[in-house]
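Listed features, source TrEMBL:
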type: COMPBIAS; residues: 64-94; note: compositional bias 'Acidic residues'
type: COMPBIAS; residues: 285-294; note: compositional bias 'Basic residues'
type: COMPBIAS; residues: 568-578; note: compositional bias 'Acidic residues'
type: REGION; residues: 51-108; note: region 'Disordered'
type: REGION; residues: 274-297; note: region 'Disordered'
type: REGION; residues: 556-578; note: region 'Disordered'
type: REPEAT; residues: 299-334; note: repeat 'WD'
type: REPEAT; residues: 353-386; note: repeat 'WD'
type: REPEAT; residues: 446-488; note: repeat 'WD'
Amino acid sequence: MSNLISAVAWVKRGVSQQHPTKYVLDDEELERVSKLARIELEDARLELERAHQAATEMGKGLDVEDEAGNMEEDGETKEGDNEDDWEDEDDNAMDVDSGLDKKKSKLAPKAKDDLSEYNLDDYDEEETDAGGLFSNIKGLTYYKDNNDDPYITLKEDPEDDERIELEVLPTDNLLVVAKTEDEISQLEIYVYDESEENLYVHHDLMLPSFPLCLEWLDYAPVSSSSSQSQSNTPNNGFGNYIAVGTLDPEIEIWSLDTVEAMYPSTILGRPDKTKAHIPVPLGTGKKKKKKTKARQKDDSCHVDAVLGLSWNRNVRNLLASASADRTVKLWDLSRHPLGNPESGEGGGAIRSFDVHKDKVQAVQWNLQEPSVLLTGSYDRTVRTFDSRAPGTGVGAAVGSDVEALRWDPWESYGFYVSLENGMVLNYDARTLPSNLDTPSTARFTLSAHDGAASSIDVNPNIKGCIVTGGTDKLVKVWNITDEDNGKKNVSLVTSRDLGVGKIFSTQWSPDDPLTLAAAGSKAKLQIWDLGSNFGTRKVFAGKLKEAGKILKEKEAKDGHGGVIGVASDDESEDDDDD
């Protein structure tokens, strides 16, 4: 598996805790983890006892063998243990000593003549000056810890140093990166200081499977912890979390305010232990099949990789997921992930939608219409529907596999779709038919990239400003304006190879109008500050003024052209990446 970054997510300024907490693995946390992982403690204890017993038996066997070997060695020694068999070596030793004494007697007069001037024989009887520089050195006390030394008034506290090192200022952004390197997958959490143009890794979280998508949310999900379940919404329901979709049919939700965490805050969609990790037969085994048999669907959980996630910012306890099992599911984060036997409430997804005939690549909630979803699939269609009545939805055939999609935050009915053939389409949902056999025309079609247009994002601060990224390794920024005849005019503002390889993710900053993040096949993250480009500032000056945004004029430092990355000792890059 090659090194790459598959997804990037921004965290707004002021959301993160200034001083993150450290993960504590206590008894309560162990109980919570065991419940989430569907591990029975008694079974675990039995397995541990069996392993310990086996290890003990193996250890005893070795001890017996060792003792037997020692007995044999001792026996051989005792057989030859006879005083007559011993050879007296004292005579030889005396001969050696006598030889050495002769050599010493020859060298002694010469050595004495050489050292006589130093008066070494009377060295211990000489009187020393009691008032010398180091006269009181015997009275000095050595303290292993400077905090115990009464003469040191500025005490050192390692915890304070670590606290300062992990501090996240209110003016800092966080970026969460889904990274796989050397077959190890993890979440890397970066801190970006815009004023200093500084980007560095704050901490990381290990993942059990290859990550495919990320979604930030501020809703604190209910976990298996009894204390958290009772309070239900700690910190008034607001938090700092990241949802991760992986190749496994599960959704992990991690707290970004906890460092060194070993286990997520909660897991959605983990199937019952009777169905977990059971392979699905794909044929009779007599001959190979080109197509594998689809796994049996389950309305309560996904049975294949999770490809897309979207958090509902209006109904904050709802999370939507798109999967390779061809379904879209809704999750209620206020419900216990394993269900509540007392109330009869089951765990798992609250709704499941079968609106596509192939893998569902992307999903997103409408910001103005809280119940409306937009989905895109490998069946080369997009659909938008009300989650309360999915049968009344509309859609369009797009002619190629869907790579990414976005609602336009400036129009409740407009959305963008990027395709595998490099095209970007813009639709008006009000004009789409309910029957996909009926032709549907896009408002405009844009040939964005040579190769797949793998990512797209709409600027939340500037109307009509979008960014696209493709497998041609280019990041492009576009300006879309309305003409008098009602049509859209699209123009390319700037384009750049950021050195991250094939682009897999492009995301606008939620705070800075002209700052974006991009990552791809070289497992590198780059920040592109377009505000340092005079031409870009000039193009969007009018729109920024209309939106009430003030963009400070600034020049790129150190000739990097507004591109900020993490300093690396090895800057050599291979352009022949996959």
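All positions are counted from 1 along the displayed chain.
Glycine residues also receive a Cβ, built from the backbone N, Cα and C atoms like all the rest.
What TrEMBL says about a protein is an automatic prediction, not a curated fact.
Looking at the repeat 'WD' (446-488) alone, the prediction's average pLDDT is 94. Residues 212-219, 221-222, 232-233, 237, 243, 245-251, 253, 266, 268-271, 346-365, 367, 370-371, 373, 375, 377, 387 of the same chain, all 6+ positions outside the repeat 'WD' (299-334), place their C-beta atoms under 8 angstroms from a C-beta of that stretch. Helix, strand and coil content of the repeat 'WD' (353-386), in residues and according to DSSP, is 0 helix, 19 strand, 15 coil.
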